[in-house]
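Down below is the structure, laid out as structure tokens.
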């Protein structure tokens, strides 16, 4: 066990500290007593403004109903704006993808036309080479027969006929491509008209729903006003014909209430 030292408290120091603390507390209480606020004196005045209690409640109820419809309208506007933004983003992405697809299709068409031209040119040269070789390699009897047949059986005539056939085939393909592009344009225009009509119908439905909500609100407000008027008339009649009532009726003519 370790040894320890016990120091006794100084009674004189303790008494001095207690006296200082008591003096400070007394000074605080005296300060509070000196600075205590006095009684409040106000001139009596009429409260509530120029409106009656029924009018104030009616106005409060109207503001509450309007706030509900305003919140509903704000939510609908927010949903509509969000939907419009999403549709605009989707249309933008579709336009970008459509443009990419069109560029890719044009590129493929150009490559196909280049390959076709190269093939036709090579085929034309090979065909002319083959026809020239056949004309040069025929025997004399055949040459005489061909010569007797007339100018239509020559190599130039055959090559010219072949060129015309190739040209007609190319023109036919170009016409088919033009018709295909025309059909695509008509289909795209028809889709755009359908989307525009759908947006118009949706807008009309939203306007019709808003007008119906506004009409219902007006009907509810009219019913509430009639109920409050009947209640106010009943209350005034009971207060006027109450037994033992001998007071003045000036406060009813003023239409103000004191709170």
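For all residues, glycine too, the Cβ spot is worked out from N, Cα and C.
A TrEMBL annotation is a machine prediction, not a hand-curated record.
Features as listed in TrEMBL:
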type: COILED; residues: 78-121; note: coiled coil
type: COILED; residues: 163-197; note: coiled coil
type: REGION; residues: 32-51; note: region 'Disordered'
Lying 6 or more residues past either end of the coiled coil (78-121) yet within Cβ distance under 8 Å of it, the residues of that chain are 166, 170, 177, 206
Would you mind splitting the region 'Disordered' (32-51) into helix, strand and coil residue counts from DSSP? 3 helix, 0 strand, 17 coil
